[in-house]
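Colleague: The structure under discussion is supplied below as structure tokens; questions concerning it will follow.
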Amino acid sequence: MTKLPSDASAIKRVEANTSPEQVIELLKQDGVVVLKDFLDQATVQSFREEIKPAIDDFEGGPNFNPDGVKVDIGRGTKHVANLTAISKTYRHDILNNKWMHSILEPLFRPHFGDYWMNRGSVLHIEPGEPAQNLHRDDILYRVTKLRQPGDPDLMINILIAVTEFRDDNGATRFVPGSHVWDDTRGVPTPDQASSAALRPGDALLFVGSLWHGAGSNQSDAFRQGLLLCIHPCHFTPMESHLHVPRTIVESMTPQAQKMIGWRSGITQHDVPIWLAGDHKMEETMGLRSQEVQ
């Protein structure tokens, strides 16, 4: 196994049995923390095998070119979504990850209520792909400009290593502490960023307001990660799941169904949202579900 570079110590790491309270404390302090062994190796291997055909068939480059959002995505980068329909491991194991929800609940519940997926996607970087510019993910929301210091974050990201993340193959770079910067600080320079080396199954938990960007892949093999982008149910997701066949959705747990928008949510004030008329979506639709197997 490849040895992790020494600069990885700039981003703190926690073991799989670390309490949610300790994880959240580090997240609030630095904006990013590595969760070691977030997924076991069997889960990583199953997911890798299930997504391979979709990755192979997908054309590299940006999926869209929005005005005012400057995020460099080259032809050697593939961002592949629709994972609920593609991967059984994703919809049954990853969306139900207990450690993940034990962290997300206290981050979202007191301030917003329920949360769901903004988007789940595989980030695949081919050899020769240059480094991505440093950016913040929460620029999606105009309301981020209204946030005050200490306000809860609107987006929580979990980037899971499907392959190794190393300096030479495009390990994501972060600027710890930059989540509390205001706009007067400007864009950080590359020398302010620390790379985050990961082994398959490790994950990076980071807030949407943190400056970060994928590194350059100077190796002879691709680098692959799974990005789970999560936000309150108040916000419209980037990725809709209404097209996912009902037979697939009904094979999922209630929690996983809510994560993809097939169930109604509740705000922090116990106000129901995403209703079907005056009733919960799942009740009106007669939606079935399965418990964790």
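Backbone N, Cα and C define each Cβ position, glycine as well.
Relevant sequence annotations retrieved from Swiss-Prot are reproduced here:
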BINDING   His135, Asp137, His212  Fe cation binding site
Colleague: Would you mind ranking the binding-site residues His135, His212 by how many other Cβ atoms sit within 10 Å of each Cβ and giving me the lowest?
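Modeller: Ranked by other Cβ atoms within 10 Å, the binding-site residues His135, His212 bottom out at His135.
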Colleague: Give the helix, strand or coil assignment DSSP yields for Asp137 (Fe cation binding site).
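Modeller: Note: Asp137 (Fe cation binding site) is helical by DSSP.
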Colleague: Once the DSSP letters are reduced so that anything not helix or strand counts as coil, what is His212 (Fe cation binding site)?
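Modeller: Strand, per DSSP.
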Colleague: With Cβ-Cβ distance below 8 Å and at least 6 positions apart along the chain, what are the contacts of Asp137 (Fe cation binding site)? List them in sequence order.
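Modeller: Result: Met155, Asn157, Gly208, His212, Cys229.
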